[in-house]
Amino acid sequence: MEKTDCCALNVVLAEEKKGQLIPNGNHQGVNGTLVAPVRALPERETWTRQMDFIMSCVGFAVGLGNVWRFPYLCYKNGGGVFLIPYVLFIFLGGIPIFFLEIALGQFMKAGSINVWNIAPLFKGLGYASMVIVFFCNTYYIMVLAWGFYYLIKSFNGTLPWSSCDNEWNTDTCIEIFRHEDCQNGTIGNATFGNLTCEENKVLNISDGLDQPGALNWELMLCLLAVWVMVYFCVWKGVKSTGKIVYFTATFPYVVLIILLVRGVTLPGAYDGIMYYLKPNWSKLGEPQVWIDAGTQIFFSYAIGLGALTALGSYNRFNNDCYKDAFMLAMINSGTSFFAGFVVFSILGFMASEQGVDISKVAESGPGLAFIAYPKAVSLMPVAPVWAALFFFMLLLLGLDSQFVGVEGFVTGILDLFPGKYYMRYRREIAVAICCLLCFIIDLSMVTQGGMYVFQLFDYYSASGMTLLWQAFWECVVVAWVYGADKFMDDIARMIGYRPFPWMKWCWSFITPCVCMGIFLFHLLNYKPLTYNNVYVYPWWGEVIGWCLALSSMLCIPVSLVYKLSGQIFGAQGTLASSVLLMRRQTGPITEQVQVLSHASQ
């Protein structure tokens, strides 16, 4: 070990705060210069065991999209053929960025904002991810509130959505499901019981965004209950979160297996699974198939939200995050593929019962979770048991994604505050403020017009375009501003060996091109938002939506211009000298990593 490193190890604490080195009591820096004393802070938390990190990542990345989005995309885009572009994009975009975010958090020991001290000009990337994850935390929990409501109603002797004897049912509601019983009916103008339950009872939906209507107090109580659960899962930090995810991340797999065993024993299940897997080779020539595959990877891998960075920051410095990234990617994509068998075995049964083609019953998103699947479950013997299992699984799938998202947001916020603001209960207070603020915004989504607000958030705030924009700049900054080779060296210091050069090639060339290509495709094929393909949002609704999208996307260029202007007008230098000056600020971080590396040996 060199003398300089020994000196650094002797005088520098291993914990990084605000991207600066924290000297000890002798007030001597690494280069021998005197520095001002800084009050030592409590060391950053780490996972009790490495499996806590694995389970947290599984719980966050494996969510509702794996169950209700991937199977439908696979069916729509050529069945088994869809797996070709899907697997290709896993290695071209999914794993490289997934690994980048985890490794960056582990390398910097900081949340989604302070990790970008490696390139201070682009610290807006951190603020952008915080905006996205805040919006995501705000609207995503509404799905959990609906699921919790349905879970409670599943404990009735007769499922409310299986009959037309409820006060919310319309005159056109029917309970006829079998095709042979419908020969004398006008099925096209009728509504099944669970459709009116969703739209008239749960949502009690109004005629438009400009008609918010009254609060749904039952749904509001469900929302409050879910937020309380999230708070007590997060308030004590990763020590408690790492234990809870052992249940919330694993039990959904138990339920999926139970539902699969039940599903494949039902009539019509084989036909449903064949619809899911049957290859249609002609689809490979359609651009939309490739775009859907790439977009699904970025959605399901939870890229660009900053939460993976926060989770990685609690790892031990020498943890092998390279192997972790590949393992977590395989678990994520494997879950999506497995869930397709569960979903389409049940949908095949429902199509068989109705005597219609499966394309008539296949749905995606909330339509699958709260309309199609409950309708199918109501046809089974002992229907309340299967309904309760399904909605309990749905609640757990969303719950761990939600509280890890909140954890990522709170971690980023707390890392912004220097030592002089340290207080004993600051985490508990920060989590409470975050949950309360999101709950207040969510009240607009439990009104009669709440579904229109929910769709605005879903379509714009954490949409494919915002995530692709974020992922593009993450790769560009790490590969071209900080330096791909430099980052590969940093990773080698952590895990003891250099990753395969493919990662560097992806960060530098392939992944940015993939992200920008899909981004431009989305932009050029943009269509105004509608609800149920009938209600068209007013112009001011679209303006609100674009404000949500741009609030994160503009963080990067605005922060860049602000920092450059500050350097130019503050130091009265040129643009080129300002950029060089900002890049030199990455020096202490590399020194700190050397100290961390030696300290952990």
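Placed from the backbone N, Cα and C atoms, the Cβ positions cover glycine too.
Listed in TrEMBL:
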- Gly59, Ala61, Val62, Asn66, Ser300, Asn332, Leu397, Asp400, Ser401: Na(+) binding site (BINDING)
- Cys164-Cys173: disulfide bond (DISULFID)
- 53-71: transmembrane segment (TRANSMEM)
- 83-104: transmembrane segment (TRANSMEM)
- 125-152: transmembrane segment (TRANSMEM)
- 214-234: transmembrane segment (TRANSMEM)
- 246-270: transmembrane segment (TRANSMEM)
- 290-314: transmembrane segment (TRANSMEM)
- 326-351: transmembrane segment (TRANSMEM)
- 385-417: transmembrane segment (TRANSMEM)
- 429-447: transmembrane segment (TRANSMEM)
- 467-484: transmembrane segment (TRANSMEM)
- 505-523: transmembrane segment (TRANSMEM)
- 543-562: transmembrane segment (TRANSMEM)
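Of all Cβ atoms in the protein chains displayed, 27 besides its own lie within 10 Å of the Cβ of Gly59 (Na(+) binding site).
Its Cβ placed at the centre, Ser401 (Na(+) binding site) has 27 other Cβ atoms within 10 Å.
Within the same chain, residues 18, 56, 59-64, 66-67, 110-114, 126, 129-130, 133-134, 136-137, 140-141, 143-144, 147-148, 150-151, 154-155, 159, 226, 229-230, 233-234, 237-238, 241, 244-245, 247-249, 251-252, 255-256, 258-259, 262, 302, 305-311, 313, 369, 373-374, 377-378, 426-427, 430-431, 434-435 sit at least 6 positions outside the transmembrane segment (385-417) and bring their C-beta atoms closer than 8 Å to a C-beta of that stretch.
When each of 53-71, 83-104, 125-152, 429-447, 467-484 is checked for Cβ pairs under 8 Å to the transmembrane segment (290-314), 83-104 comes out on top. With a cut-off of 8 Å between Cβ atoms, the residues of this chain six or more beyond the transmembrane segment (125-152) that come close are 64, 111-116, 202, 218-219, 222-223, 225-227, 230, 304-307, 309, 366, 369-370, 374, 387-388, 391-392, 394-395, 398-399, 401-402, 405-406, 408-409, 412-413, 434, 438, 441-442, 445-446, 450, 454, 457-458, 461-462, 466-467, 470, 473-474, 477, 548, 551-553, 555-556, 559. Taking each of the binding-site residues Val62, Leu397 in turn and counting other Cβ atoms within 10 Å of its Cβ gives the largest count for Leu397. Listed in chain order, the extra residues whose Cβ falls within 8 Å of the Cβ center of the Na(+) site residues Gly59, Ala61, Val62, Asn66, Ser300, Asn332, Leu397, Asp400, Ser401 are Val58, Phe60, Gly63, Leu64, Gly65, Ala249, Ala302, Thr335. Counting residues 6+ beyond its ends, the transmembrane segment (467-484) has Cβ neighbours under 8 Å at 93, 96-97, 100-101, 104, 116, 118-119, 121-122, 125, 128-129, 132, 295, 298-299, 303-305, 504, 506-508, 511-512, 515-516, 518-519, 522, 552-553, 556, 583, 586 in the same chain.
Below 8 A, the CB atoms of the transmembrane segment (326-351) and the transmembrane segment (543-562) form no more than two pairs separated by six or more positions in the chain, fewer than 3 in all. Beyond the ends of the transmembrane segment (214-234), by six or more residues, the same chain brings 141-142, 144-146, 148-149, 152, 202-204, 240-241, 244, 399, 402-403, 406-407, 410, 431-432, 435, 438-439, 442-443, 446-448, 450 to within a C-beta distance below 8 angstroms of the stretch.
Counting only same-chain residues 6+ beyond the ends of the transmembrane segment (543-562), those with a CB under 8 A from a CB of the stretch are 121-125, 127-129, 131-132, 135, 456-457, 459-461, 463, 465-466, 469-470, 473, 529, 537. Contacts of Ser300 (Na(+) binding site) defined by a Cβ separation under 8 A and a same-chain sequence distance of 6+ are given as Ala61, Val62, Gly63, Gly65, Asn66, Arg69, Phe70, Asn332, Ser333, Ser336, in order along the sequence.
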